[in-house]
Amino acid sequence: MPALRSRTVTHGRNMAGARALLRATGVAREDFGKPIVAVANSYTQFVPGHVHLREVADVVADAVRAAGGVPREFNTIAVDDGIAMGHGGMLYSLPSRELIADAVEYMVNAHCADALVCVSNCDKITPGMLLAALRLNIPTVFVSGGPMEAGKVTVVNGTATTVRKLDLINPMIASADENVSEQELNALEEAACPTCGSCSGMFTANSMNCLTEAIGLALPGNGTVLATHTARKKLYEEAGRVVVEAARRYYEKDDESVLPLSIATPAAFANAMALDVAMGGSTNTILHLLAAATEAGVDFGLDDIDALSRRVPCLCKVAPNSDKYHIEDVHRAGGIPAIMGELARAGLVDTSLPMVHGMTVGEYVDAWDIASPNVRPEAVELFHAAPGGQRSTEAFSQSTRWDSLDLDRESGCIRSVKHAYTKDGGLAVLKGNLAPDGAVVKTAGVDEELWTFSGPAKVFESQEEAVDGILNKAVQPGDVVVIRYEGPKGGPGMQEMLYPTSFLKGRGLGKVCALITDGRFSGGTSGLSIGHASPEAAAGGDIALVEDGDIITIDIPNRSITLEVPEDELNARRERLLKELGGFRPRNRQRPVSAALRAYAAMATSASTGAARDVSQVERTHLHS
């Protein structure tokens, strides 16, 4: 039977100093011997998804204490991708994932914590904490801050007024539309983000919080209960109770089934990806799941994702893939248990797998899917939680309820497999000479008439250069915009291309152009936007050899992406490039890169493996220097 890790610092004569310090933090004599639960909070006033988490961690801590554990809270950093977008700050977003993982590892191991609650929410925080949880492999529960309410705006059109829902992406697109007045833009800006919480569409943050629920490390409702709703308080209380129970099962009963590596198995990764494909989640989720699989030592790669995308249909289209639905609507339709229920009934997920709350996937669906004949009353109650319609930066600030649930599986927010939006899933992996190791596209956000596309390349050496080109009308209808040297090493940091895609839409080019990059996309991106092209330009990928005017052909049904240039010409270009530049680097790009970012680039791997860190790259260099 494993001993409590915390005994290292709470027991033995020689640990008197450690106990003295713990006493100074409020730990009493009778607490020594109880499981110490690290509460990894990510509260910050910079990020709307995290601005309310100070109070949230207190609720978790109180629940841990009531269940017989000793809570110890600490903080991690949290980068807001939306604020960091469109300037040099975006270079730091993806690298922050590794910093967060390291910070959690450092704190938990330095203080010998027995279990972990991850209070996360936004884009890189949940993935960073997931990497740490898999690395540490101690009893862990994830509980996020919850999604933001969708914005609502009154649009004046002559004498008529209509109210429509919107989110962060709307003012971004409008800012590039010359037909939108400053007054209209200001109205959109003020209405887009009305409350605390992760941005209201199926963007990266909400996608990842839904996936932690599907993979089995979070509680029912984690991905969809609104940040402002009182119903979310029960989630935090339950997280505190469950983590102490999991710690007891492991340390007192030697039950390894509660450990992250026992839950996040290859089959669990497949379940999570099936959900992702079904709901048309952010392409960033592919990056993070691949990195998590690498951390867990799980054999799960792009080929597995490609196979799932061909087998699992798209059951849910939420902003930015649809103007009609946001996360609050997914919640009204039953949230993640409802989507998992539809997949389970079609035999598309493994229902035998364990989850941290003690149920199998099948039991979770049976109890929490509102379409199940055995649904629990508390599940029905939970999914009635609705937006409050008032500006708020506080957790638990409203308790509005829907008057009815969305049970329409034919044309509602969540559809059955029989009535799916498309028989293929909402994400796809493309391969070809332009991306032999793979590239990814969110098909749920692409109109089907664009699933095959061919056009001349318009090449840019950076995101900034591309933005200038789009706004200055250098990009024309039919072009394939190529943005390169923005990969994990080439950026470094693999910037998101939300501004280029938003500005293409703002200029009316969103449905007549394609965009390909070795960088990545925000979860708010839609349109024919293909990212993660691997190998990246900085690693010698053929994307470095594309020239203006080259024809690029995209064929989503056949999962191909082809640079229509003969191989001998590509080889000649490669030789010329190496002779001219001495390596694969952008021409005439002026970009300050700090030592911290250079350190990240030195250890970053390809997007095809999740841009996971590989320390051996540095170790090999050191050994051979």
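Cβ atoms here come from the backbone N, Cα and C positions, even for glycine.
Swiss-Prot names Asp123, Lys124, Glu496 as Mg(2+) ligands; from the candidate set Asp80, Asp81, Asp468, the record adds Asp81 to that same site. Close to the recorded Mg(2+) site, the chain also has Val79, Ala84, Met90, Ser93, Leu94, Cys122, Thr204, Ala205, Asn284, Ser522: residues not among Asp81, Asp123, Lys124, Glu496 whose Cβ is within 8 Å of the site's Cβ mean position. Here the binding-site residues are Asp81, Asp123, Glu496, and the one whose Cβ sees the fewest other Cβ atoms within 10 Å is Asp81. Secondary structure at Glu496 (Mg(2+) binding site), taken from DSSP and collapsed to helix, strand or coil, is strand. Spatially close to Cys199 ([2Fe-2S] cluster binding site) yet at least six residues away along the chain are Pro48, Gly49, Gly82, Pro147, Met148, Asp167, Leu168, Cys193, Ala205, Asn206, Gly523, Gly524, judged by Cβ distances under 8 angstroms. Neighbours of Ser522 (active site, proton acceptor), defined as other CB atoms within 10 A of its CB across all chains, total 30. Cα-Cα distance from Glu496 (Mg(2+) binding site) to Ser522 (active site, proton acceptor): 5 Å (rounded to the nearest whole number). For the recorded site, Asp81 (Mg(2+) binding site), the DSSP three-state label reads helix. With respect to their backbone Cα atoms, Asp81 (Mg(2+) binding site) and Ser522 (active site, proton acceptor) stand 8 Å from each other.
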